[in-house]
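Please read the structure below before turning to the comments.
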């Protein structure tokens, strides 16, 4: 859950999000070094008399400022491609959940079960219990087992939506007539919040996403109670 005045990302709740956080720090360090070098050059140019005219036509300098940016791009691109391939890997998921976006709520279908389908609406402010978050809490949470590969099938019934869960490193568009796919593994139990990240209409900001990750035994008890 994000905090007021928070500058960084939310704490990672999946291995993919941990990789994204490491890559963010890696890329930010490259940006910091480039910015420092550019600021140093500007400062030198502003405070030093330009008496050395030999630098006006130097093949060595041109080689340096051509090769260095290419090396920086390679250093940033290779880890990025690795994470992209990791995010597309789906190996033997233990559970498949289909999320369908509506105006303006989500419906979930657990395809491994015969009759486990429910809608997830935002709770009105007057119905919140102490400790629940305004504009983020829902009446039916999406419950999944922790430490298990979960496959998400995401689509929409009417307009464009986007199923986004920052702490899991997920943001997948929900497009009418198209079925998008993503995967995640929750590394710890907890309740995680997200929102539709597509401008889908007047109530776009009022269709939150809540994922509750529990041990396998608790998930089995919950699924049994939902099917009764």
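Note: Cβ is positioned from N, Cα and C throughout, glycine not excepted.
Annotated features, as they stand in TrEMBL:
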DOMAIN    1-91  domain 'Cytochrome oxidase subunit II transmembrane region profile'
DOMAIN    92-225  domain 'Cytochrome oxidase subunit II copper A binding'
TRANSMEM  27-46  transmembrane segment
TRANSMEM  66-85  transmembrane segment
DSSP-assigned states of the domain 'Cytochrome oxidase subunit II transmembrane region profile' (1-91) in counts, ordered helix, strand, coil: 68 helix, 0 strand, 23 coil
Counts by DSSP class (helix H/G/I, strand E/B, coil) across the domain 'Cytochrome oxidase subunit II copper A binding' (92-225): 19 helix, 63 strand, 52 coil
